[in-house]
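**Student:** Features from TrEMBL:
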type    : residues                               : note
BINDING : K6, F7, G8, G9, T172, D173, Y178, R183 : ATP binding site
BINDING : T46, E73                               : substrate binding site
DOMAIN  : 262-345                                : domain 'ACT'
Amino acid sequence: MLIVKKFGGTSVGNKERIFNVAKRCIEDYQKGHDIVVVLSAMGKSTDELIEMARDINPRPSKREMDMLVTTGEQISVSMMALAMGFLGVPAVSLNAFQVAMHTTHRYGNARLKRIDTDRIRNELEQRKIVLVTGFQGVDKYDNLTTLGRGGSDTTAVALAAALHADACEIYTDVDGVYTADPRLVKNARKLDEITYDEMLELSTLGAGVLHNRSVEMAKKYGVQLVVRSSLNTNEGTIVREEVNMEKMLVSGVAVDKNATRIAVVGLKDEPGVAFHLFNALAKYNINVDVILQSIGRDGTKDISFTVAEDVADEAVAIIQKSFPKSDYKKIDEEKDVAKLSIVGAGMMSNPGVAASMFEALYDCGVNIKMISTSEIRVTVLIDQKYVERAINAVHDKFSLAD
Ligand code: ADP
Ligand code: ASP
Ligand code: MG
């Protein structure tokens, strides 16, 4: 069997953890399997590198940031190769350039385009454990790029697809995918299995346990994932196309604190305004999420929407540039908000689900600022200070606890 294993930052955070991972990989290697291991940077080292960079230059170049943070993963793989060598097992570490992992050239948020597998296959044939840096790639000009925060999961799934691996195992610091972030919701329950579609919604809506692109890619290439702990041998969560269980009404609750609400007040109430607004944002690659337009009154209307916090100021500047001042009254920006979402395939045929969520929020006194829905999700925007109270109330409402 060819197995791709991915270990996150906490799982390789210190010497003891590195040896723990090394031993787990060696166990499977000694059963005769081919092992490819994807690693993230040790502990919080990516955050630390970013902080150091901002201290030197508060508006750093994206190219240099990628050059910098890709070092974190390089440290992990070489340390791991040293540990495996110490344990007497041949291992080789490869960075994105050596593999090579080709990406687009969008620094900080590049997309994987193609992976050369020859080098990895060669090393495997020589019975080495192959250790690959997560989260990074190379563009067509040989610049190093990164895939976005949490992107090592995507590296692992992409490698599993490219190598036609028999298994893709994502090892992390919790036992699997839970009905909500177990650090926020004490009653959260581990799921035995979840569909790609549900997992994709959850990870896009803030469940950081898997990078959303990794789920997208797993679905596209039919890579079945197992999410489990690197610290114990408990069975994890399987992510796949179909699940055996009856579809749950709601399978999970997620929060995303990284949201800002922008309201453009007093726009002209005429055709083309929304197009003009969102087209301008799209041109600059700004992703817009929950959208709300008020009913027109006295020839004007308001449009509000959410964007990720780190692009909010840029979004406001784009609107100011794209509309003459006389075309609107003012732009409001609200940063202390969070998105709270419920996700479940069973929602499709059950109209009362949204109402139950709103009831849970009403019962705990949390006001809803915006609402958006899809076939398998309901998202509300709330004040950030109520996140913990709200997520626990909504989670309990749907009896997601044991
Ligand atoms: P890694 O470094 O292994 O990639 P991450 O920090 O990226 O780990 O992801 C694991 C974390 O995701 C957990 O520690 C947990 O707090 C968080 N998390 C958020 N939502 C969920 C969820 N629904 N199920 C499990 N973990 C979740
Ligand atoms: N080290 C990177 C990050 O912290 C990638 C990852 O952890 O997946 O975002
Ligand atoms: Mg992660």
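Heads up, the Cβ atoms here are built off N, Cα and C, so glycines get one too.
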**Student:** Sequence gap of 6 or more, C-beta under 8 Å: which same-chain residues meet both conditions with respect to G8 (ATP binding site)?
**Tutor:** S40, S152, I170, Y171, T172, D173, S230
**Student:** Ligand 3 is in the model; which of the binding-site residues F7, G8, G9 have a C-beta less than 6 angstroms from one of its atoms?
**Tutor:** G8
**Student:** 10 Å Cβ neighbour count around G9 (ATP binding site)?
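**Tutor:** If we count other Cβ atoms within 10 Å of G9 (ATP binding site), we arrive at 24.
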**Student:** Going by DSSP, is K6 (ATP binding site) part of a helix, a strand, or coil?
**Tutor:** strand
**Student:** Suppose we draw a 10 Å sphere around the Cβ of K6 (ATP binding site). How many other Cβ atoms does it contain, all chains included?
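**Tutor:** Neighbour count, Cβ to Cβ under the 10 Å cut-off: 29.
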**Student:** Check the Cα distances from E73 (substrate binding site) to each of the binding-site residues K6, F7, G9, Y178, R183 and keep only the ones within 10 Å.
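**Tutor:** Neighbours among binding-site residues, in sequence order: G9.
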**Student:** Restricting to the same chain and to sequence separations of six or more, state which residues have a Cβ under 8 Å from that of Y178 (ATP binding site).
**Tutor:** V185, A188, R189, K190, L191, V209, G252
**Student:** Would you mind splitting the domain 'ACT' (262-345) into helix, strand and coil residue counts from DSSP?
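**Tutor:** Reading the DSSP string over the domain 'ACT' (262-345) gives 29 helix, 34 strand, 21 coil.
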**Student:** Of the binding-site residues K6, F7, T172, D173, Y178, R183, which ones put their CB under 6 Å from ligand 2?
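**Tutor:** Near the molecule: none at all.
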**Student:** For the C-alpha pair, I'd like the distance in angstrom between T46 (substrate binding site) and K6 (ATP binding site), rounded off.
**Tutor:** 17
**Student:** Could you work out which of the binding-site residues (F7, R183) has its C-beta surrounded by the smallest number of other C-beta atoms within 10 A?
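**Tutor:** Among the binding-site residues F7, R183, the sparsest Cβ neighbourhood within 10 Å belongs to R183.
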**Student:** Of the binding-site residues G8, G9, T46, D173, Y178, R183, which ones put their CB under 6 Å from ligand 1?
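**Tutor:** Within range of ligand 1: G8, G9, D173, Y178, R183.
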